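Asker: Questions regarding the structure given below will be posed in turn.
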Amino acid sequence: MTATQTPAKEVVEPNSEDTEFVFFSGKGGVGKSTVSCATATWLADNDYDTLLVTTDPAPNLSDIFNQDIGHEVTAIDDVPNLSAIEIDPDVAAEEYRQETIEPMRALLGDEEIQTVEEQLNSPCVEEIAAFDNFVDFMDSPEYDVVVFDTAPTGHTIRLMELPSDWNAELEKGGSTCIGPAASMDDKKADYERAIDTLSDESRTSFAFVGKPESSSIDEIERSASDLAELGISSQLLVVNGYLPESVCEDPFFEGKRADEQAVIDRVESTFDQQALATYPLQPGEIAGLELLSDVGGVLYDGEEATVDVDAATRRATNEDTVDFDTFTDADAVAEELVPVEETRYLFFTGKGGVGKSTIASTTAVSLAEAGYETLVVTTDPAAHLADIFEQPVGHEPTSVGQANLDAARIDQERALEEYRTQVLDHVREMYDEKDDTQIDVEAAVANVEEELESPCAEEMAALEKFVSYFEEDGYDIVVFDTAPTGHTLRLLELPSDWKGFMDLGSLTKGAAPANGGKYDEVIETMQDPSRSSFAFVMYPEFTPMMEAYRAAMDLQDQVGIETSVVVANYLLPEDYGDNAFFENRRAQQAEYLEEISERFDVPMMLAPLRQEEPVGLDDLREFGADVTGLDGVGEDDREEVTVS
């Protein structure tokens, strides 16, 4: 192993006797997990006892290392000094419930225990339980370094905020939706220590991973600024997957490479106070120890980046002709997108970074062009609809310059304020109707106000806003650009979870009038294939395909929702890239398209890689005509819709 001292190596290599921590984050789909795994492998190979932890609800460490990992700390085969764990939010929540309740059983009666159990049925418990695991691993003296492969950017920021938020909540004492505060004094100390450690640059390093694309780097800039406000600075930026110069032999890919290099130049000037490392796109997927070692060698040992076409797995020969069009039926796709008799709700979801927002926006423009009154909404905390439309997109539906089309994004702070107002107004009305002079109304309202300061109120507020879009008047179609896969499942499970919690009689959760019935209607609408369509967006590689498939199965099993459409994005154009590198990647894509078709067995929308991402209405119209199957659908073709 060489001893070259790269800037990236200085960031990740431990230099003290205390356990150190390295966090990798970034827009989903940029190779964050690959870089995390490569870093952990490199550290272990250099004799550091290393633990790799993913807090992403859609983990893929098992796929990268080609072995089962799961919720227990697992030794990685053939890598001494390396262990890994994929935190399972469901398992973590149950463990948290049992750890909270068991010490109380000898002290409290059955009625009191039942009250605690009811509190712990709050959906917020899953969030704090996952974080509880996260905090536990920040107190792991048996390791030299703990590498965190964190959830995609918007949710990572939320995770980073949790220590302060829950600490403030526990300061108040009394009862919380995560259990009685008096039982969690030890948690309070843990959270205080976590806050101190996260902001200690001598022990904690924060690294972003991005693709050489403007949207990816824009996201990193925003996230780095948000982290700085929390007192956490980032020290490393890894630009992953740039096109190697040696394989770009035609104007299309020469142009894409030039664009990428311009982005890398921008990164060098914008992030000049941070270490910068780059790694090229390979002809095949990065999995297995040999390729992970290559990534680590380039990033941390200063080895020259190489592209070995022959090293990629290739199941097709150079003589094979790849015809992507055989995998799609445009009419079948269009049938799943247009309304029948009532307002249709379209959900585009998938692993972050697969082009989900672009596909959702493109589909919305095409539907509006066809004459349907359309609203496109993003529920993703890392939203960028405004960048795609080149128009302001706010909390309330507003026009983006296209007839029949409005757009909105959920502003979490405003949603929380709206929810607080809704709850407090209803509480006051409820006590006014009782007209009981023995009740101290202001004290009761003050108690509710305090409960609304809990971090879990943010989750309920986001849900309320999400549900409100099912009540928007005047739209034939509402298109949801949802958060990345694991978090989308959490959002879609919330109506059922919160309804169950509200049935327990919790004042705050049940303060909004008739919420239970409203949630029932939303659940039924999402489960009705004549009114709701769920489309999984992916690029045709193993990890995004499997994450989408697992998520689709979870949707079916946990929420009773069937997948309607799959979207295969970033297909390599057949007219360009006439060499072994792109032939290999194109053949690989065809192989995965076949597997996607077999696994999902639903209509497939195909979207090609473009010279530039479609931005602005003109680009979106052109792109939509090519990919949605809606070209030619107009006023004369569509049925009369009864809008909500």
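Heads up, the Cβ atoms here are built off N, Cα and C, so glycines get one too.
OK, Swiss-Prot features for this one:
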type	residues	note
BINDING	26-33, 350-357	ATP binding site
Asker: For LYS32 (ATP binding site), just give me the three-state DSSP call.
Answerer: helix
Asker: Are there any residues at least 6 positions away along the chain from VAL30 (ATP binding site) with a Cβ closer than 8 Å to its Cβ? List them or say none.
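Answerer: Result: VAL209, GLY210, LYS211, SER216, ASN240, GLY241, GLY353.
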Asker: Just counting, how many other CB atoms are there within 10 A of the CB of LYS32 (ATP binding site)?
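Answerer: Result for LYS32 (ATP binding site): 29 neighbouring Cβ atoms inside 10 Å.
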